[in-house]
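Heads up, the thing below is written out as structure tokens.
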Amino acid sequence: MKTTGWMEQAAYHKSQLEAAIPGAWKLSSAAQADLPLNVSNLVRDCGQLDAVELEIISLDATDLAQAIAKRSYTAVIVTTAYAKAAAIAHQATNCLSDYFPEEALERARWLDQELERTGNPVGPLHGVPISVKDQIGLKGHLASCGFLSAITETKNDSLLVSIFRSAGAVFMAKSCLPQAIMHLETDSFRGPTLNPYNRNLTPGGSSGGESALLGCKGSAMGIGSDIGGSIRNPCALTGLYGFKPTVGRVPTKGGDGTAIYGQDTIYGTTGPMCRSSRDLELWLRTIITAEPWKRHPTVLKMPWNMGEVSYLNGGARPKIGILWDDGVVRPQPPIRRAIQYAVDKLKRAGFELVDVKPYKSEEAWNIISSLYFTDGGQINRNYAARTGEPLLPLTEWILSQNTKARSATDIMALNLKRDLFRADYHNYFHSLGVDVILCPATPGPAPKLGTSKYWNYTSFWNLVDYPCGVFPTGLKVEFSDLPDAPYKFTGKADEEVWKAYDSPGSFIDAPLGLQVVGAKYEEELTLQAMGIIAEVVQGN
């Protein structure tokens with residue numbers, strides 16, 4: 001009965017979402033059955049959107065906000081375009097956990113009336129549709145951490161959502177996350193979310209619903225969260241831009257679906273998931289200029305100041321450290337090609353590059369994985385037990401990584417290890433004499449479903465709490481990206497990642513992203529440097 005109970009609950013939530021999609025926007029059964037492997041252009045090609053709507057979803061959020069302010073489009077027309085796009089994206093990738101187009105259109109009508117009445121936009125995001133990861137609190141909507149028993153109705157907006165509302169944003173969808181929020185994939189009682197560029201692959205996680213939605217142009221920008229790579233990993237795997245700020249720079253409170261309340265050994269952070277580099281800056285500037293430190297004590301009083309960055313307006317170029325690998329897992333051939341491609345283009349453009357050695361990667365994973373579940377994973381097991389919902393293999397896997405119930409003394413000792421590691425890395429980073437580090441964001445392209453088990457290319461930076469972002473190189477997996485011949489593996493993780501890349505044909509069309517890392521609290525510098533690097537790497 002227990003099993004039937006959880007399955008019935010899961011079916012109910014899926015049916016509620018299905019019912020929210022207007023019939024006119026549903027793909028036919030034949031179209032659903034005949035979906036291509038690559039659905040990244042399905043919204044464009046399916047015939048549901050007219051020419052104006054296609055024009056709207058082709059714009060990044062920065063251009064879209066400006067166009068609405070100039071009255072080139074109404075908020076209603078924009079919201080309708082994105083409501084259609086989100087519905088189609090979901091049918092192709094299973095990316096949404098909640099969908100409420102009528103509520104969004106009501107908000108859009110009010111925004112149009114306000115613009116007509118006052119002559120001015122409500123704020124910098126007037127009429128811009130934003131999607132929200134399921135755990136983030138959105139008033140009147142459900143939130144979860146990927147377990148049925150943890151679903152709760154949110155009574156108030158999170159601080160982040162409240163600021164975006166005041167800036168004029170329109171909310172119309174929440175996106176899927178994985179069970180326990182702790183996978184680098186996105187699978188739960190809702191089923192797996194698929195990568196829009198290759199539906200046999202994962203869009204990453206834990207913000208993989210956002211990445212799949214944005215990858216289909218089903219949202220103008222998104223809100224993700226990151227405690228081990230959950231913004232950067234999915235953005236890197238779906239051709240997007242993402243950014244993980246230093247903890248405390250942006251608000252995190254109000255995530256009603258958070259799995260473990262009161263966990264303070266490793267903090268996560270919220271951050272932007274976007275379709276352009278400048279949209280990252282728009283997202284962060286909108287939040288930080290609202291002075292969120294006046295509304296919650298966990299936010300640092302650090303005003304946004306891009307003007308202090310020397311790279312602006314043709315100033316000095318960033319000095320870039322190149323981290324080819326982490327010394328534990330060798331990146332798969334497509335990622336090695338991507339970083340070599342980036343280095344070659346930066347050299348030709350005259351940038352000063354310095355090779356950087358890996359820093360204690362295995363120790364870093366041992367520390368952070370010990371800090372994730374100091375209750376031994378019991379809270380998550382209890383969530384599952386309440387309904388009989390089975391733990392998924394990737395949940396079981398992460399709960400097996402140095403996880404055990406720890407005493408207060410044990411936790412204090414681990415926190416000391418964490419702090420000493422951070423201090424040592426701080427000294428190491430500043431000894432390099434570089435502004436930022438360019439490195440892989442993942443050991444390979446988007447993995448096959450159920451196989452993502454190597455976190456350290458992203459989780460390392462959560463441990464040291466450095467700001468970092470990812471950008472698309474413009475490259476994708478090609479048939480020439482042949483697997484490596486067997487070599488002397490550094491360990492089990494290295495061998496598993498090598499085995500996972502069996503043939504380029506299995507990963508064809510998967511986008512290749514890279515990561516840029518800056519020093520702690522240097523969000524503005526890191527973001528500006530990443531924009532410059534991305535422009536060079538993507539340029540002709």
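Glycine residues also receive a Cβ, built from the backbone N, Cα and C atoms like all the rest.
Among the features that TrEMBL reports, domain 'Amidase' is placed at 78-527. Restricting the average to the domain 'Amidase' (78-527) gives a pLDDT of 97.
With a cut-off of 8 Å between CB atoms and residues at least 6 apart in sequence, the same chain places LYS174, SER175, LEU177, SER206, SER207, GLY209, GLU210, GLY222, ILE223, GLY224, SER225 near LYS133 (active site, charge relay system), listed in sequence order. Annotation source TrEMBL lists active site, charge relay system at LYS133 (among others).
If you draw a 10 Å sphere around the CB of ILE181 (substrate binding site), it holds 31 other CB atoms from the protein chains shown. Marked as substrate binding site by TrEMBL: ILE181, SER206, ILE227, GLY228, GLY229, SER230.
Taken from TrEMBL, the feature active site, charge relay system applies to SER206 (among others).
What TrEMBL records for SER230 is active site, acyl-ester intermediate. Annotation note: SER230 (substrate binding site) sits in a coil segment as assigned by DSSP. Cβ-based neighbour count (10 Å, all protein chains) for SER230 (substrate binding site) stands at 36.
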Among the binding-site residues GLY228, GLY229, whose Cβ has the fewest other Cβ atoms within 10 Å? GLY228
Would you mind pulling the DSSP three-state label for ILE181 (substrate binding site)? helix
Using the centroid of the Cβ atoms of ILE181, SER206, ILE227, GLY228, GLY229, SER230 as reference, list every other same-chain residue with Cβ within 8 Å of it (recorded substrate site), in sequence order. MET182, HIS183, LEU184, GLY205, SER207, SER225, ASP226, ILE231, ASN233, GLY268
Out of the binding-site residues SER206, ILE227, the residue with the smallest number of other Cβ atoms within 10 Å is ILE227
